[in-house]
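Below you'll find the structure, written out as structure tokens, and then a few comments.
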Amino acid sequence: SQVSFEEESQKQPVVGHWKPLMPSKGNKEELETGCQDAGGVGETQSTEQLNVSRLRSSSVEIREKGSEFLKDELHKAQKELKLKDKECERLSKVREQLEQELEELTASLFEEAHKMVREANTKQAAAEKQLREARGKIDMLQAEVTALKTLVITSTPSSPNRELHPQLQSPSKAGFRKGHGRNKSTSSAMVSAASQNVAPEPVSRECREVDSILFAEFQAWKESPTLDKSCSFLDRIYREDVGPCLDFTKQELSELVRVAVEQNTLTIEPVASQTLPVVKVAAEECGGPKKCALSGLPRTCKHRIMLGDSGNYYYISPSCRARITAVCNFFTYIRYIQQGLVRQDVELMYWEVMRLRREMSLAKLGFYPSEM
């Protein structure tokens, strides 16, 4: 190899050994051949070393370029990750904001819905209250109109109504009414008119005495007036007056009439002023102009009744009308007392109740005015 050749050439000649200065021809050719051989070997080795160094330098360069490329890719990936993180953070903020807005919107909607429900309930309660008040006023006005009609009908020249003509009253009675007529309920004047046809004599000429038991029951009822018939005052009147007065031959219809009178849903109207309606029940149950539906007897029926809003009319005789009217007058008066519309002394109210009871007693016995 080139290394061994260089080592041999650098060795010093052995002392005492002779070396020829000029080689011979044969030696010269051998020397040139050996030099050529040695030169060829050296060039090969230097080429290989050069190739190795080039490979090493190229591998280093490739490695450096690869590392730079990887670093660039890493930087790009890191930048993209940062952008992705920022985008994720932005989207998360947007989502949180949307969720918050959705919660606020839901809460506001629920609050608005509850507010609307409360307002609707308040309006409904107010409307129902106004409806009850209006119905009460309508009932009161209807009763007053009916009573005023009764007052006008019962006042004739031969038998004038003293309620409509105060100048016909006695001085003592007129003075009493002058002091208390302002606070007296209209109903007391209304319901007192019907009795004047039944009893032509003035009440002031009658002798009367308060029954202690009846008066005590009325006073107890007056402390807390109610339409519940379980109290002793109304229980007695139901047993002695209302029940017998509304006890007709047709028991089933009689019960319906009693319920309608208690609920103030019964209507009485003249037959002549109304056209005959189409009824939904059998004709024999409703009677007719010549047959009473309550008694079942052939009678001339000038009036008919309707129970509530059923639309069915029942023809009634004058006697049955008088009995129903007497009971309706009693219930109208005690309703006025319950509503606080009657402002009289307790004893005066008691006697008015007794007069209405007398009307029911006479009606159930068959006595009724000729105008019926």
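Cβ atoms here come from the backbone N, Cα and C positions, even for glycine.
What TrEMBL lists as region 'Disordered' is 1-52 (among others).
Applying DSSP to the compositional bias 'Polar residues' (43-52) sorts its residues as follows: 10 helix, 0 strand, 0 coil. The feature compositional bias 'Polar residues' is assigned by TrEMBL to 43-52 (among others).
Taken from TrEMBL, the feature domain 'GDP/GTP exchange factor Sec2 N-terminal' applies to 48-149.
Mean model confidence for the coiled coil (67-151) is a pLDDT of 89. Summarising the annotation, TrEMBL assigns coiled coil to 67-151.
Marked as region 'Disordered' by TrEMBL: 156-197 (among others).
TrEMBL lists 156-172 (among others) with the feature compositional bias 'Polar residues'.
The compositional bias 'Polar residues' annotation in TrEMBL covers 184-197 (among others).
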